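Here is what Swiss-Prot records for this protein:
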- LYS35, ASN36: phosphoenolpyruvate binding site (BINDING)
- ARG105, ARG134, PRO135, VAL136, ASP137, LEU138, ASP321, VAL343: UDP-N-acetyl-alpha-D-glucosamine binding site (BINDING)
- CYS129: active site, proton donor (ACT_SITE)
- CYS129: 2-(S-cysteinyl)pyruvic acid O-phosphothioketal (MOD_RES)
Amino acid sequence: MLQVATPTATEETQTVIEIEGRASLKGEVRISGAKNSALAIMAGTILCSDDCRLSNLPALADIDKMCQILAAIGVNLERDGDRLVVDSSNVGHGPAPYELVSQLRASFFVIGPLLSRLGMTKVPLPGGCAIGTRPVDLHVRGLQAMGADVHIEHGVVNASIKGHSRRLTGAKIYLDYPSVGATETILMAATLAEGETVIDNAAREPEIVDLANFCRSMGAQIRGDGSSRIIINGVEKLHSTDFPIIPDRIEAATFLCAGAITHSEISLFPVVPDHLASAIAKLREIGPEVAIDAPDRVRLIPRDLRGTDIETLPYPGFPTDMQAQFMALLAVSEGNSVVTETVFENRLQHVAELQRMGANIKLKGNAAFIQGVPFLSGAPVMSTDLRASAALVIAGLAAEGKTIVQGLRHLDRGYEDIEGKLRKLGAKLTRIEQPVTL
């Protein structure tokens, strides 16, 4: 008898996080170095031809990618745990391979240092999270104001200093929007420019201040960082430095939400409480108390949860990078809440995944209207971007039953061993390989 073989599905695997919800948390979380600060500072090491030694560097996929990008343009790197020694003495003009740059928006940060130090560069247009267009026009206009010739050809930004001058020229630059990336690009380029550069309507984020502190540690003359006007007086050369990265305020806020949603008392160390001011204020509105036990330590004290309204704004307003995590918390907070996203378009994709878990959320434009429910239900969910992935983990901690979070490449870009840190607090979650049927 002729037997016909039955086709079998090809099995591949994907890495997921499996969460058993409703576990109480307790203990202390060690907060890693700030990803967004580290990426800009790593690019800033190009400004100096001597060694730069960085510490408190987080172990993240984005940091790995930036190391690869720097190495591809001739930078020598030696990494040991959270320490990184960078030697940019032989850096080239670029461009870095597009397959690397396309995965990391922060790769574009190298344009300012390369142009200012070498007089010309080629940098591919960047990639990263799919949360809006986030164009680089403000970066480009700032460099042009300082005397750069910039044009885009075949997806590559070509920048050079006009005429016979080997240095950019200081300029007064007004940013139409207080863009963090544009502020960082112009600030770094201005450190080696001739004369004074003034950035008006500059971004005020702590990561800007950290970058300015790093540049000052190399001999740059910068004042006003942390305000809307930054003034940079260019110098001819920068020198080597040892510099620690600040703690990650977004990671800290994420763990505060994890404590609040599980009604658990947890401590965070090290942190800079001032960097968490808006998150702490909103947590107190929602119900939990945040005690500042030391200059670098905070403690989440659980309380009943109630709804509140949140609108994302540039710093010192409520950060867009904390919006998704707080939405997960508000989904199980009594009463009504409205979360309005004003910084990025297309950054409410996590709503559909929270709805799969039983959240009562309705979208209208850039606003999410939330009616709190008593509990969420575990479900398979898909991460859509970095902070959305953290929000789904937080939701899974509070959900009844099992939650499977897929799309971990987003999570690994911005959180160092989040499951290990949560397990240490008592959460029941593990990273597993799960078959995918094609």
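Here the Cβ of each residue, glycine as well, is placed from N, Cα and C on the backbone.
Given the structure is predicted, the values throughout are model-derived calculations rather than measurements.
Sequence features, as recorded in Swiss-Prot, placed on the structure.
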| residue | record | CB count, 10 Å |
| --- | --- | --- |
| LYS35 | phosphoenolpyruvate binding site | 27 |
| ASN36 | phosphoenolpyruvate binding site | 25 |
| ARG105 | UDP-N-acetyl-alpha-D-glucosamine binding site | 19 |
| PRO135 | UDP-N-acetyl-alpha-D-glucosamine binding site | 11 |
| VAL136 | UDP-N-acetyl-alpha-D-glucosamine binding site | 22 |
| ASP137 | UDP-N-acetyl-alpha-D-glucosamine binding site | 10 |
| LEU138 | UDP-N-acetyl-alpha-D-glucosamine binding site | 19 |
| ASP321 | UDP-N-acetyl-alpha-D-glucosamine binding site | 22 |
| VAL343 | UDP-N-acetyl-alpha-D-glucosamine binding site | 20 |
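The two recorded residues, VAL136 (UDP-N-acetyl-alpha-D-glucosamine binding site) and LYS35 (phosphoenolpyruvate binding site), show a Cα separation of 20 Å. Cα spacing between LEU138 (UDP-N-acetyl-alpha-D-glucosamine binding site) and ASN36 (phosphoenolpyruvate binding site): 19 Å, rounded to the nearest whole number.
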